[in-house]
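Undergrad: Take this structure, written in structure tokens, and hold onto it; I'll ask about it next.
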Amino acid sequence: MLSLSVRQISRKLQDGVIVPSDVCTACLYQAEKLKKLNIFVRLTKEVAEHQAKESDVRYTNGNVRSLLDGIPVAVKDNYCTRNIETTCSSRMLESFKPPYNATVVQKLQDAGAVLLGKCNMDEFAMGSGTVDSIHGPTKNIWQSGEKYTLLRNVGERATSVEQVQGCNSTHGSKMVYQELHHLSSHSNKEGSSSPSEEGDWFIAGGSSGGSAVAVASGAVFAALGSDTGGSTRNPAAYCGVVGLKPSYGLLSRHGLIPLVNSMDVPGILTRTVDDAATLLNILAGHDLLDSTTVQDSFIPLDLSQDIDISRIRIGIPKEYNCPGMSDEVMETWSGVADILERAGAEVVQVSMPHTPSSIACYSVLNQCEVASNMARYDGIEFGLRTAENRSTEELYASTRSQGFNETVRGRILAGNYFLLQRNYPHYFLQALKVRRLIAQDFTHAWSSGIDVLLTPTTLTDAPRYSQFISRDNREQCASQDYCTQPANMAGCPAVTLPIKLSKQGLPLSLQLMGQSYREDVLLAVAKWIETAVDFPRLQLET
Amino acid sequence: MILLYSEGKSVFTFALPALLIRAWTCRNFSVNNNDAKHFLSRKVKSYVSPTSTYTTETKFKNKKQSYWKSVVGLEIHAQITSTSKLFSQAGTEFGVPVNANVSFFDAAIPGTLPMLNRRCVEAGVLTALALSCRVNPVSFFDRKHYFYSDLPAGYQITQHRVPLAQEGVLEFHVFTPGSHHKPYSKKSCIKQLQLEQDSGKSLHDEEACRSLVDLNRAGIPLMELVFEPDLEDGEEAAALVKELMLILQRLGTCSCKMEEGALRVDANVSVHHEGEPLGVRTEVKNIGSVRAVGHAIQYEIHRQVKVLEAGGVIINETRAWDADSKQTVPMRDKEEKQDYRYMPEPNLPPLRVLLNDQPAVPNTYRDHINVQCLRRKLPELPSETRAKLTNKYGISPESAAILVNENVLLQHFYDIMEEKKSRDPKLSTNILIMELLTILNKKKLSLEASPFPSHTLGEIVDLLQSEKINLVTARKILQEIISGNSMSPSEVVEKYEWTQITNPSEIEKVCTAVIEQNPKLVEQFCSGKTKVFNSLVGKAAKITENRANMATVVQVLTAKLRKIQNP
């Protein structure tokens, strides 16, 4: 049950096969069982059970609020949740209980979703591994030592999922699975990766690593991440789930504790493209509390009609083929391009010449906004306050040096340097100009008739922890974000979806980027690819 | 596109969480005494330098001063009259309990975002138009960073790159009896008008070694008006501030209550020798009234001259006006030059206003503020009112200025003239600015607390105009009413039989009696001591209990005395 999509579980709930409370209990059990993966910063058991019970009543009375009603979800720990600790994985906010709900959290709640918990992340979302957290690192579910089965959709002609899972219901989804692999650390058929060892495992990616593992492992059916330079797509890619970064301005950032205001967007993590669309439909729209959300009314996406792939023009930006990209990723990329081309899509190489400058530009803009956004953490109104009482300045200094990790402090320092009056034109202003050039690369692509761009999401499959921490946070972000952050610079939507397994038995994913506010086209193409590649679904053994 | 939220249409009401209040009451901000001086608080504790012991008076007499030229430029922060804050829906009432008007945004709770208050932008545009500014079709908000305990976000949102409006001008009359020979007109150019948020307030309890933060002011909407250094002295500055206050009050964009901090004036002052480059300037803050504007600047000019003449140098510093000791004192918190690390505010889109009536694309600009529409709503400005009073009613410019300066007087004037068109405007004006103000002053009453309705004052004007009473009686009537007599002026006249004696034969009798009863005075007058004439007139007044028409008395008495002199 826990490996089903939102659509499928929703169908079961509507058919009365199960009730929300049972789903909630199963998810809580799963989350507890997977404790050592360190997915959750906090399980909101009481809230979840309460919300599930309320949902039970709605299903009984037939006033179900949405497809998400009664379905357990999780949110990254940088979304404000009323009276529930929101730490941003930082000592600074270790005991911070926001007095309000973020708009997207409120929308989930209004849709009837059940909040299972808050997910681990890199401190203040600065990182790409979910390793820099006061709560410790999050581990990838893949090759983690947990026993799981891989299920693959083999078409509508085979036996029904209910039979496979030993369920008696004759209703429900016609989606059908069969056992494909039986991969676990002890019975790895590929044999290319050694079993996960203590202290050396595969990272979840980041910074929304907790949210990605929560969805991949079956602890929840969907989760919110946040995406500033790839923080939703990177862990989604490493964990084999769908990660959607919507257009900037489509979803409210109110209540999302900011990293880079001009690039942050709430990210959606689900097991299927359809589910991503379901969440997008619930979350999108103008918010008075966020002046940067677009006022145009949002038209809900409908992916029920298959698209005619032969009418789609797909761009392959050559600059995304960069040093450090593994052969497997390259093969995956060209493999999917071939599939699309064979199906009649027009696949063309395009040039986005400013892509290599993107990382440097991003790092300047990121650090400047970080320096500014972090200025409020001074120990006065909320958050950590040290016992220092010699002077206000000393209190600030000691609170901020104890409250922030080295990465955060480093970015604050650099950002303040870039913003000094004498440096501003050479760094910040220059970076804004480069950002415009990067955004223009995208508009040129769209104006040449490209519908979506196809690129890798990450340069390799998930790295091992030991390998990942051998480089510092700054270096890691520079390579991890290479393919993802240009979309944040341009504000356009992007989605990552798993394609196949690597030789190590880890997910390999690709990214699609589309025109701003054309999530409909983007997700339609993603759904087509999803169906075509039929990536296996992970099911934990009970 | 930017969506401005409208006041009143509260979509979300923020209740201040108990968390926040508790945070401030149980986490009283503890610092030691040495630290307190680093704080910028609105009430600046005076720091008396041993060298600054001279007073304003002695400086006025410094003859060498004419040798120097002084240059003054003002920066004025005017609190925009609005019911909610610039970027949040918290209230703005003055005098509410500590931290009662604080939204999550005002306290910089993580994840909160600014929402621009439409009313504040409209007030800014209206003010800009009244001051002949060029309104920018697109302006931007920026973050100005500095650490301060009453600045919760660690930055202030202001308009640094492109302000709401630029290049205005304010014309005003410098009219200070005694110091300048005659009133003159002066102009000061306005560099820019920008919208920005106020900070909170730190309160330092030095005995308990702690500081407390009140965020009621945090996020209050301000217009900052930056004037070019066009002024020469404190009187000009005070006159400018007074005129600006009249304009803002007329527009209803600022209450201008300096005592509530609703209008704050900072002055940049420097002195130099004629023909030489401008001197190093100091900034004078903490000026609490219009009078203090004049005094503080005058003091600072003299202080600088004195320092320079003693061979010293002026350092670029911020000084505070201490109203008690009547001097400017260094503010020690701003010693270090700060780099504010300005950055565009990423959470607020560019602020676009519509300069022309017709949008190029219909509906595209439906939320935009229409500048032409606001221009049509501009009320009559004080300068226009003054021109109207002098041109239409023939009132002197000085009297017109006094009427316009006091809105209550102006309203009385309009009411009196409206009630009876035949009333003499000059006589009415005199009653208002001489008699009414005098008696209120004596009783220490403000104009707002005046017991005289316009129709009562109008009746007194009628009695005077018809010569039923004289001026002395008019004063007695005012006195009677202010003491609690609820009768109308005519009834008072009737009751006390205060009707003026205008009958010539009766006045003849009075004058004859005066001459008969005062032979010595008459003798003195005839021997050339014409000064005693006034005493004789006074006797006539006394006999008639001030009821005689004094003009007639003077006439008759003169004739009679002439007859005695030249029989």
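Including glycine, each Cβ sits where the backbone N, Cα and C put it.
Sharing the record's features from TrEMBL:
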ACT_SITE  A:K76  active site, charge relay system
ACT_SITE  A:S207  active site, charge relay system
ACT_SITE  A:S231  active site, acyl-ester intermediate
DOMAIN    A:23-144  domain 'Amidase'
DOMAIN    A:203-523  domain 'Amidase'
Undergrad: Write down the Cα-Cα distance for A:S231 (active site, acyl-ester intermediate) and A:K76 (active site, charge relay system), rounded and given in Å.
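TA: Checking the Cα atoms of A:K76 (active site, charge relay system) and A:S231 (active site, acyl-ester intermediate) gives a distance of 11 Å.
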Undergrad: With H, G and I counted as helix, E and B as strand and the rest as coil, say where DSSP puts A:K76 (active site, charge relay system).
TA: strand
Undergrad: Secondary structure at A:S207 (active site, charge relay system) (DSSP, helix/strand/coil)?
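TA: For A:S207 (active site, charge relay system) - judged by DSSP and reduced to three states - the answer is coil.
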Undergrad: Please classify the secondary structure at the residue listed as 'active site, acyl-ester intermediate' using three-state DSSP.
TA: coil
Undergrad: Residues with Cβ closer than 8 Å to the Cβ of the residue listed as 'active site, acyl-ester intermediate', same chain and 6+ apart in sequence?
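TA: Looking at Cβ-Cβ distances below 8 Å from the residue listed as 'active site, acyl-ester intermediate', excluding near sequence neighbours, one finds A:M121, A:D122, A:A125, A:S128, A:G206, A:S207, A:S208, A:G225, A:G267.
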Undergrad: With DSSP helix as H/G/I and strand as E/B, how many residues of the domain 'Amidase' (A:23-144) fall in helix, strand and coil?
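TA: Secondary-structure composition of the domain 'Amidase' (A:23-144): 45 helix, 19 strand, 58 coil.
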Undergrad: Hey, what's the Cβ neighbour count for A:S207 (active site, charge relay system) at 10 Å?
TA: 37
